[in-house]
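Visitor: Pulled the feature table from Swiss-Prot, pasting it below:
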type	residues	note
BINDING	C444	heme binding site
CARBOHYD	N124	N-linked glycosylation site
CARBOHYD	N190	N-linked glycosylation site
CARBOHYD	N271	N-linked glycosylation site
CARBOHYD	N342	N-linked glycosylation site
TRANSMEM	9-29	transmembrane segment
Amino acid sequence: MLSEMLGEIAALPMVSLLGAALIVVSVLGRRLLVSNIAWAITGQTPAKSLAKRSRLPGLPFKFPNGQGTEKFFGGRSAARRWRIQYGPIYAIWAGLKREVVLSTPEHVQAFYKDSHLHVKATDNNSGWLFAELLGSCVGVVSQGRWKRVRRPFEHPFSRPESLTRPKAFIHEARDYFAVLNPNIQELTINTSNDLKHCPFFMVASIFFGIHTTAQRDELKQLGPPREELFRHAFMGGMNRYAITKYLPGSALALLRQFQGKWEGFVKAAYNRSIQTGDGTIVPLFEAVNRGEMSMQELLQTLDESLFANLDVTAHAVSWNVIRIAHHQDIQQKVRIEIQANNNSEKSYENYVCRDDTLLAACVLETSRLHPVLPFSNPEAAEEDKIVGGYIIPQTDVIVDTHAINIDNPHWVDSNSFDPHRHLGQKDSSRRYNMWRFGFGPRQCLGKNVADIILRIILCEMLNTYELGLLEEEGITGVKLQPDSWIGLPNGVVQMTPLKLDE
């Protein structure tokens, strides 16, 4: 451990070592001085106005995280506050990294039209812990490396392959609800806590096939420490700066423990899949053996698809169930639509794959009103960009998702839940007016299966239950979990078995 620590400290860039100097001046409370020191240490060039050559407005640096923690744990309220104070384009600090925030579709289009050439922040501007967890996964690597790592994963998540998966997904969903409510009786659930593993196991089936009970139990046991690691990463502090990773209280020991257990699980699942011929883990392992990607890239991309997305998919499922439970008129129309397309298993499977249904529109509208993150993940262009009258000098850029999805004149009566607005609408009209899977050519690998999974979960619930939101204040009464980095809703929904004639 000591030799590892000394070796890493020797290799640290000067920015990490000098960052400690900010502690002293931070204690003195001189915010302008701290911000100027941060600019000097990082050597970053600030964005400037074309006309006045003035700096882009933005928030001052605050040690140790800048606004990097607040943008996750309090991002929804912070985004509105910052936009009101600084305008539609401004800058924040994520640790010692400057991030330019865009808030209008025009600015987003100007920046993201060549996103496949952009460079992602390998640590998500969150520090060493995030980098060690996911710094080599397909969602974070860039350019040539991104193309290389993505290639082995493209087939399992392609549109044609995704259309073959509903049968397996339906089986997973039915198994899940059979365990959740075996006697099909009236049940009250917390939408986030009780449903979070349903989409998780559906995605896991893509990689590992039909799970054994032991595999399901092991995956569940790996979840809590992995969630804790993500909370540590986004909380920052000593888990942000590499020089502090060996100090008492860092998450290094928990990280090493998780990584060892995760690698052991994946290798055991690979050996089982060789025997069963089930799952895509075998061809992915073969890609590692051929040198097409490293073992670290494989393990971290699997982690990204499962554990990093555990709360992401839980957020999406939870809000979809909350919305359909609250809007009883829409719920009844969707149920009628489901029943009309449930004459056979094949008809049902085809239905959940269609994009022109009221069910599909409900999923889209929920995603619009409840984006999973307050801000998109940071990425930088290879060349200077002119956006909104400012020169952005190869600096990381993020998007205020609430500003795009809701506070956007493109959406009429934008705060209302109106799934019908999406029926007959072309994807091109949403391209820069709705943040969901990313902007431009480079988008989320799992976007082809995500909607199918959400639709199936809603269908399986609505086929069996009447859903009702147990909040006197309706949607506005749903509170967010305070320790959740993604803002999981604490929605309470009552599942009442349908009568036979319904």
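For all residues, glycine too, the Cβ spot is worked out from N, Cα and C.
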Visitor: Out of N124, N342, C444, point to the one nearest N271 (N-linked glycosylation site) in space (Cα versus Cα); all of them are recorded positions in the record.
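Guide: In terms of Cα distance, N271 (N-linked glycosylation site) lies closest to C444.
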Visitor: Nearest of the glycosylation sites to C444 (heme binding site) by CA-CA distance, picking from N124, N190, N342?
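Guide: So, spelling it out, the nearest of the glycosylation sites is N124.
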Visitor: Could you list the residues of the same chain, at least six apart in sequence, whose Cβ is under 8 A from the Cβ of N124 (N-linked glycosylation site)?
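Guide: N124 (N-linked glycosylation site) has long-range Cβ partners F130, L134, V140, N377, P378.
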Visitor: Look up the residue listed as 'heme binding site' in the DSSP assignment and reduce it to helix, strand or coil.
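Guide: DSSP call for the residue listed as 'heme binding site': coil, neither helix nor strand.
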Visitor: If one measures from the C-alpha of N342 (N-linked glycosylation site) to the C-alpha of N190 (N-linked glycosylation site), what distance in angstrom results, rounded to a whole number?
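Guide: Cα of N342 (N-linked glycosylation site) to Cα of N190 (N-linked glycosylation site) measures 28 Å after rounding.
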Visitor: How many neighbouring Cβ atoms, not counting its own, are there within 10 Å of the Cβ of N271 (N-linked glycosylation site)?
Guide: 12
Visitor: Can you tell me the three-state DSSP label for N190 (N-linked glycosylation site)?
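Guide: Assignment for N190 (N-linked glycosylation site) reads strand.
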Visitor: Of all the glycosylation sites given, N190, N342, which residue's CB has the most CB neighbours within 10 A?
Guide: N190
